[in-house]
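Q: Take a look at this one; I'll ask things after.
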Ligand code: HPA
Ligand code: ZN
């Protein structure tokens, strides 16, 4: 669907398509444990978040140079633009690269190169969100933020991702305080596999302005009331939820109930190379499976621009919102 939208929940490493993975493997002399792209695609059967993360981290071995990161981001931006994405706030996982000996500067400068020409090349404005891996230590997160200091002009926010259960937001209080002091915005994954309490912690202890996923808030009516009252955006990823078995079937997805409850929902792709679709595909899928009408779809698109970190450029936000209102559904 080409409805104009902002993508607010997108892991750039999760846009690595099998074809690019093999091309980069060859270029960098890396051997993948799969013979063909078909064999690799056949491995995309996940039981839960961890089974996905195992493959997601393994395939990153092919990303080594600035050019690799620039190519990865450029390929994503081209696909996103073709599906109506006008603005993308893009996650990256520096620790997954520094742990393999790739310097953080290589990652950020490579991604930055693609992002800085994105408006001209693809008509997509961009921001970069540095994510901490929550299954690593709080000290490692602090060291990562410190290592990112020479590149802060390229980074607008911090996030928190990877294996959720057993790694509550409170573990990262100190690094979020440090990020606040540096003027960075704050988001965190919470309530994907973890309990509603993790959403409360992300709000109360980390001070996040958006919650990534946040699906499990629906188990806690008081929390829902708070999220509605405070208009906290939730960045939902419907196809991801099905592939990682957070919901059984797309027709069971709580999105319609969440919209009806007045939650500030947005629809995003998470790791589109792995989960079967980019942002527009996610919109198509929820329209078809959940019988969303054009006004509900327009609300989701409007929500995405309202939730974007565009406070420094309200003119741009207004322009994007006007595009949403002008969009004609066929
Ligand atoms: N959840 C948590 N961590 C992640 C994800 C996700 O869906 N994708 C990449 N890292
Ligand atoms: Zn995610």
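A Cβ is built for glycine as well, from the same backbone N, Cα and C atoms used for every other residue.
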Q: Per TrEMBL, what member of 87, 189, 253, 312 joins 9, 11, 270 in binding Zn(2+) at one site?
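A: Checking 87, 189, 253, 312 against TrEMBL: the Zn(2+) site match is 189.
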Q: Could you state the whole-number distance in Å separating the C-alpha atoms of residue 11 (Zn(2+) binding site) and residue 271 (substrate binding site)?
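A: Given the Cα positions, residue 11 (Zn(2+) binding site) is 6 Å from residue 271 (substrate binding site).
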Q: What is the total of other Cβ atoms whose distance to the Cβ of residue 11 (Zn(2+) binding site) is within 10 Å?
A: 29
Q: Under a three-state reduction of DSSP output, how is residue 192 (active site, proton donor) classified: helix, strand, or coil?
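A: Residue 192 (active site, proton donor) sits in coil per DSSP, no helix or strand.
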